[in-house]
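Feature annotation from TrEMBL assigns repeat 'TPR' to 68-101, 152-185, 236-269, 320-353. Per TrEMBL, the feature domain 'CHAT' maps to 660-955.
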Amino acid sequence: MATSLLVGFLSTATGVLSARAQVQQIQQLNAQVQQLLGAGRYAAALAPARAVLALEEKNFGHSDVRIADALVQLATLYRRQGDYGRAEPLYNRALALQEKAFGSVHPAIARTVAGLALLNFEQGHYPRAEGFYRRALAIREKVLGPDDPDVAFSLNGLASLYGTQGKYAQAEQLFQRALAIREKALGPEHPEVAGSLANLAEMDRTLGRYAEAEPLYQRALAILEKTKGVEHPVITVPLDNLAELYRLKGDYTEAERLYRRALAIREKALGPWHPDFASSLNNVAVTLIDQGRYDQAKPLLERALAIRKKGLGLDHPDVAESMTNLAEVAVAQSRYDQAEALYRRALAIVERALGPENADVAAVLVDLAELERWQGRYAQADSLYRRTLAIRTQALGPQHPLLSQALDGLALVAVAQAKPRQGLQWLAQSLDIQEHNLSLTLATGSEKQKRDYLTTLSKTADIALSLHLQAMPGDAAAARLALTTVLRRKGRVLDFLSDDLAVLRQHLDAGDRQNLDELAGLRAQLAAAIFEPPVDEPQPQYRSRTNALTLRAEKLEADLSRRSADFAVRSTPIAIEAVQRQVPAGAALVELVLYRPCNFKATRASNQFGPPRYAAYLVRAGAEPEWLDLGDAARLGTAIGAFRDAVRNRNLPVEQLKGVARALDHRLMQPIRKKLGQTRQILLSPDSQLHLIPFAALVDEQNRYLVEQYTFSYLGSGRDLLRLARLDAPRQPPLIVADPDFDAASGEEAPQLRSIDIRKLHFAPLPATREEGSAIGALWPKARLLTGPEATENALRQVQGPSILHVATHGFFLKRSDQLENPLLRSGLVLAGFNRRESGTDDGVLTALEVSSLDLRGTQLVVLSACDTGLGDVADGEGIYGLRRALTLAGAQSELVSLWKVGDVATKDLMVDYYRQLRSQVGRAEALRQAQLQMIARPELAHPFYWSAFIPSGDWRPVGSN
């Protein structure tokens, strides 16, 4: 018995010692896992992580909750390597054990659920990811309280998901809450606060709000400098972010300075052979390339390549990236043989590392194709472009914007090989894809993103016009493609600049508003998926997700188009036939367009396009479109400038002015008149500087002003005719606003809503406008007249579709002060209280942006009887960013605005006569023409300075005709 007891005791003691040893072994293994995890060596960490799980399963069994942490640890390693198939069952197994042991609410469950959220997020399974994120957040809020720092982690995860989906407003709200929690719990200078600031800054940068992003990045950097030290490697991340922001803004000097600072820190902290140091070298080099400093970029890229080869091996994708950057420098320096060798080595690397059908392979292929095209090796270029197209179609889907790069290349190669019809087919495909993605970008992106994206697409538009006007001038199909491109693209950003869908939303019922909101969300998700796809999402899942989003969005668009004519006009694809049907008999739409002629056999990017030229396309009902090239834009520009100066100078003798007007007409309108024949009504859509001249004051071969023979009505684009096909009825009688009391007390204080600086402006009274308003009011007995202190900004805000809106006051147009500022904030109207304004919502200023949100649906005519109301920022292909376009966006059917200040008395005479014509049921454009002809007949007002300042836009028909 004694012997047996002794043996049992020894056995138990041995077991205790063995258990303690195993605990120590597990601790050592876990420490090893964390060390490798911190170093990013996920594959190496797998073996010790598996050993930990095996030991714990042996000790506690397979169904004990104590093994859950080991399961989550191993799952996290698999997830970070992209091995989602192995990660998910481990997370699920851990979650099942925890729920069985703890119930549904426990901090450990929140950690596991957060891992599942990340797993689904990285795979692009966004609805499932959102569910897991929300559950983790709810658990932490319940267990830890709403202000615990762990809650901030969950908020950040959910916000990142929303940001990826393009749900920027929701993401920003969550990022803001996470920041507030961290500032309260940890203090305003904690490193985690810096992380939240960086998240918000990244959101602003994504939305193009660079002015808002900059101070957030700077504050995050300052916090980390204070808490970690000015040379700690952790501050290189905000340095890089801030540098990239400056690079996007075009401030390459500051971007380079910050990138070089990050470079120095990484070299000192990590050593000259660390991969992160190579990344810094690459960042500096790319900024130098942006500035054309290729000689300085080359040695940095070569050093980065050497580091990556040594540290990562010869077949790593980062090595291929360095090679492609070096190849880009070689191309810029016309070292084509070296560039080709680098591209081909990079191609071999990515094919081995990622597979021959990976989308990253296509990125190298298309660069190589471009190089072959520059060298005139068109057959080789064609083959590479075709392979690029096949890979990207399979990997990214048939509507991805990157497909256009290959399609454009194929079009250029075909034309260079004297196969223009084949080139036309490739180009048509590219333009259709760009139109699809343009709609997404314009519907969801920031104003800067919209303009930037259009700028990137301008090359294809130039190719389309060049293909027609140069390579296929007699081809009807080429002409139709070029004209369709003009109708699609011209003025497109302005149509979206004021968030016209938000204006439309106000006039829909609850069900349609819900559908419109869902559509906006789907478009945002599609835009995010297309322009910023998740790096780790498998290509089949990516395609499946984007296809599902597209199908749902198309269904909603179809439903909304059936129920809302306004939405249908906005969303229906642009077709020449639809525009043509709206051109009245005896009239012609004249689309003037600025384009850069394409050199289809260019040997480098810098000579791909030549100096800009003007062209004109004529559209008439029942006839094929006509066209002509109007010549060099610079020569026309000189004549335009001379004419603008002359027509605004009332002291210039009329005959001398007519000589200047005739010189411009000879180059501009005389060639067009040869196509017009007996047509006398011109619906004119100008481009670039042509927006700023009165065509009516040009002079023909018989020394007559064009107004004596033609009736002009201006359009932002021929697309405007589609909008005019379906018009709302007025809902209020005419409203006349005249002679505001600029010295009246301004409205009650409220947060400032505008960013323009107009503090130095002061306006004098306009007493003649009161007489003007009274005279017009006498012609329209039901009109309401507001003068003096009643002529306020708030009064205009409250209008609801008056039949006529006449505003006789000062207008202003401020010169560009910040290239990123919304241009609709730089022009506007001055109303009562301006000279005594406060920072309020009724401060006597109504900017063009605010005008665009007025309710002018049903308003048949808006007259801005003031100086400079027709001016604004001129953008090639975009039109006027100012009051003229803002009124159209607000719903006005026609506008009458001025290009310069004429004088109160002359303006009053013109306006009263104009309204008399309108009362006689003369068309809106023809009424102005008749009033102008009567002024020409008066010797004291015959100078075009007095009668040609006002230009009519939009609907030309009589008031009330709809």
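Yeah, the Cβs are placed from backbone N, Cα and C, and that goes for glycine too.
Whatever TrEMBL says is automated annotation, not expert-curated.
A Cβ distance under 8 Å defines the sequence-distant neighbours of the repeat 'TPR' (68-101), meaning residues of its chain 6+ beyond its ends; these are 30, 33, 37, 42-43, 45-46, 49-50, 52-53, 56, 108-109, 111-113, 115-116, 118-119, 122-123, 536.
Within the chain, the repeat 'TPR' (152-185) has long-range Cβ neighbours (under 8 A, six or more residues past its boundaries) at 110, 114, 117-118, 121, 126, 129-130, 133-134, 136-137, 140, 146, 192-193, 195-197, 199-200, 202-203, 206-207, 444, 521, 523-528, 532, 534. The repeat 'TPR' (236-269): residue composition by secondary structure is 32 helix, 0 strand, 2 coil, according to DSSP. Using DSSP to sort the residues of the repeat 'TPR' (320-353) gives these counts of helix, strand and coil: 31 helix, 0 strand, 3 coil.
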